[in-house]
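This report refers to the structure that appears directly beneath it.
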Amino acid sequence: MCSLSFFFLFLFSTLFFILGIYYLMIDYSLFIEWELFSLNSSMVVMTFIIDWMSLVFMSFVMYISSLVIYYSNDYMHNEKNINRFIMIVLMFILSMAFLIISPNLISILLGWDGLGLVSYCLVIYYQNVKSYNAGMLTALSNRIGDVAILISISWMLNFGSWNYIYYYYFISDSFEMKIITLLIILAAMTKSAQIPFSSWLPAAMAAPTPVSALVHSSTLVTAGVYLLIRFNPMLMVYDFGWYILFIGCLTMFMSGLGANFEFDLKKIIALSTLSQLGLMMSILSMGYSDLAFFHLLTHALFKALLFMCAGSMIHNLRDSQDIRFMGSIIHFMPLTSICFNVSSLCLCGMPFLAGFYSKDLILEIVCLSWVNFFIFFLYFFSTGLTASYSFRLFYYSMSGDNNYYSSYSFNDSSYFISFGMIGLLIVAVFGGSLLSWLIFPVPYLVVLPWYLKFLTLLTIILGSYFGYVISDFVYSYELFSLNFLSFVMFTGSMWFMPFLSTNYVSYLPLSFGYYSLKSFDSGWGELLGGQGLYSFFVYLINYIQSLYDSNFKVYLLTFVFWMFILFVLFFL
């Protein structure tokens with residue numbers, strides 16, 4: 001089933017990409033209205049939008065999905081129900097396709113809720129307590145966004161149709177559209193894990209690694225960004241951009257700091273995803289929706305490759321995800337190491353790789369835009385942090401001595417895993433330049449002073465050096481993380497966000513429930529209710545029973561008592 005799914009997904013991916021580029025060249029969009037049924041002149045119509053953006057995005061989703069499924073052929077080979085796993089992944093892709101081609105909030109909700117439900121099934125795929133808790137956190141965080149979309153559907157009843165794309169320029173000044181835009185922003189923030197909904201993304205790493213490669217690169221987490229790209233005209237009309245800009249920059253900064261003090265390989269990559277999502281959100285808020293979409297596509301390519309390399313390393317190290325157990329992997333797994341380093345350099349924005357064409361352009365546009373120094377600082381400092389944790393990953397996993405069992409051997413022998421990685425390596429190297437030529441027929445012309453032009457490269461170099469400084473291990477054990485323990489605890493736990501969004505949110509209702517149970521259900525409620533009534537009736541019945549059992553004694557005692565009274569009355 002893996003090979004069949006790979007073949008069809010790859011075929012559709014190629015077809016959609018060619019069609020998308022053709023639609024882009026001739027500037028063509030297609031609306032398809034499918035009438036499901038008609039009742040007394042009321043038609044139930046399903047609408048699809050087929051334009052270059054939806055076609056190119058679907059082709060990328062299907063290309064990555066095809067390689068992920070092929071990769072799963074080896075990664076999940078010990079799984080008894082691998083066909084079930086593939087079916088769930090295909091349901092995930094179908095939900096994403098619904099979301100991409102829908103200009104209608106009802107059909108968007110089908111894809112949106114489908115993504116949430118299937119992602120829950122995939123996060124809890126390994127049956128243990130950790131996976132279950134992570135799945136619940138993922139599902140409940142995303143339910144907030146689902147509720148926001150449901151409320152926006154209710155608000156759109158005032159317009160007579162749920163096709164939001166028709167109302168951009170006609171009722172853009174209405175109060176209802178303002179509320180709907182706010183609700184869509186809330187939904188996008190939950191799905192794309194922006195502050196304060198960020199804690200579910202690292203927790204979702206409990207899913208199998210092929211799922212992480214698909215979900216956290218091109219599908220689930222980018223759904224919110226894609227929805228905001230579609231709603232971009234509304235963001236510009238109501239001037240909500242400043243809010244998204246601030247949240248996006250804070251998310252980028254927080255996740256960059258957190259990744260520098262994390263030791264779980266998959267969580268580091270998840271935090272890097274969070275950082276790039278913040279970058280997409282922030283540049284989208286300035287009105288550059290095409291740039292955000294461009295970075296979304298390039299990021300999907302190299303992030304899927306990064307997860308695949310991480311999966312290959314974890315698979316060979318018998319499911320160990322701690323980077324402190326790794327070391328000198330470059331000698332044992334050269335292909336994985338090459339792919340891992342190329343994708344890390346793409347993430348940093350190293351020149352002429354896929355990430356460079358989008359990330360460097362975004363940073364140059366920021367230099368050109370009217371942003372204050374705080375936002376400017378957050379952008380470039382977060383870029384430096386990206387280089388820092390990328391170099392730290394290389395330092396811990398690739399270089400140095402092997403820290404795993406001395407008698408343990410591992411290699412790149414798996415054909416399926418290697419094929420999946422090479423398929424993504426090619427597009428991670430050449431995809432950025434190809435897309436920049438195709439998506440921007442007239443290239444962006446950014447004229448800046450030389451020091452601003454070189455600022456990005458300088459930031460990457462300084463960030464790499466900082467990554468070396470904080471991870472360098474000397475014999476005196478003077479580690480940065482031990483010298484600044486409080487700071488490391490704060491940043492390494494995502495500014496205590498998992499505690500705030502789980503423990504503190506649930507503490508009040510859970511403690512209220514506990515004391516209610518103790519005081520009412522198990523206390524006064526029992527005393528005055530079931531148990532109390534039971535005890536009272538048992539006592540009453542026992543008392544009455546004792547009276548019945550003592551009838552003769554009572555009669556005799558009463559007779560003696562009355563005889564005594566009569567004696568007293570007559571003889572005294």
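Any Cβ shown, glycine's included, is placed from N, Cα and C.
According to Swiss-Prot, the feature transmembrane segment maps to 6-26 (among others), an assignment based on sequence analysis.
The feature transmembrane segment is assigned by Swiss-Prot to 147-167 (among others). Beyond its flanks by at least six residues, the transmembrane segment (147-167) meets 47, 49, 103-106, 108-109, 112, 176-177, 179-180, 183-184, 186-187, 190, 230-231 of its own chain at Cβ-Cβ distances under 8 Å.
Using a Cβ-Cβ cut-off under 8 Å and counting only residues 6 or more beyond its ends in the same chain, the transmembrane segment (179-201) has close neighbours at 112, 115, 134, 137-138, 141-142, 144-146, 148-149, 151-152, 155-156, 164, 216, 220-225, 227-228, 231, 234-235, 238, 240, 243-244, 247-248, 250-251, 254-255, 270-271, 273-274, 277-278, 280-281, 494, 497-498, 500-502. The transmembrane segment feature in Swiss-Prot is assigned to 179-201 (among others); the stated evidence is sequence analysis.
Sequence annotations record features per position, and here Swiss-Prot assigns transmembrane segment to 208-230 (among others).
Within its own chain, the transmembrane segment (268-288) is flanked in space by residues 188, 192-194, 198, 201-202, 204-205, 212, 216-217, 221-222, 224-225, 228-229, 232, 235-236, 240-245, 247-253, 255-256, 258-259, 262, 295-296, 299, 303, 306-307, 310, 323, 347, 359, 362, 365-366, 369, 371, 375, 379, 382, 385-386, 389-390, 393, 494, which lie at least six positions past its ends and keep a Cβ under 8 Å from the stretch. What Swiss-Prot records for 268-288 (among others) is transmembrane segment.
Taking Cβ pairs closer than 8 Å, the transmembrane segment (291-311) reaches residues 53, 56-57, 60-61, 64, 67-68, 71, 75, 209-210, 212-214, 216-218, 222, 225-226, 229, 265-266, 269, 272-273, 276, 279-281, 283-284, 336, 339-340, 342-344, 346-347, 353-355, 357-359, 361-362, 365, 417, 420-421, 424-425, 427-428, 431-432, 435-436, 439-440 in its own chain, all 6 or more past its ends. What Swiss-Prot lists as transmembrane segment is 291-311 (among others), and the listing cites sequence analysis.
Same-chain residues lying 6 or more positions outside the transmembrane segment (337-357) and placing a CB less than 8 Å from one of its CB atoms are 272, 276, 294, 298-299, 301-303, 305-306, 308-310, 313, 329-330, 363, 383, 386-387, 390, 393-394, 397-398, 421-422, 424-425, 427-433, 435-436, 456-457, 460, 463-464. Marked as transmembrane segment by Swiss-Prot: 337-357 (among others).
Residues annotated as transmembrane segment in Swiss-Prot, with sequence analysis given as evidence: 372-394 (among others).
Marked as transmembrane segment by Swiss-Prot on the basis of sequence analysis: 422-442 (among others). Residues 21, 24, 56, 63-64, 67, 70, 290, 293-294, 297-298, 301-302, 304-305, 308, 335, 338-339, 342-343, 346, 352-358, 361 of the same chain sit 6 or more residues outside the transmembrane segment (422-442) yet have a Cβ under 8 Å from a Cβ within it.
Feature annotation from Swiss-Prot assigns transmembrane segment to 479-499 (among others); the stated evidence is sequence analysis.
The transmembrane segment annotation in Swiss-Prot covers 524-544 (among others). Long-range neighbours of the transmembrane segment (524-544) within the same chain, counting only residues 6 or more positions beyond its ends whose Cβ lies under 8 Å from a Cβ of the stretch, are absent.
The transmembrane segment annotation in Swiss-Prot covers 552-572 (among others).
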Problem - Non-local residues, at least 6 beyond the ends, that sit with Cβ under 8 Å of the transmembrane segment (208-230) - result: 53, 57, 60-61, 64-65, 68-69, 71-72, 75-76, 85, 89, 92-93, 96, 99-100, 103, 108, 111-112, 115, 119, 122-123, 125-126, 145, 165, 184-185, 187-194, 201, 244, 266, 269-270, 273, 277, 280-281, 284, 289, 292-293, 296, 299-301, 303-304, 307-308, 310-311, 314-315
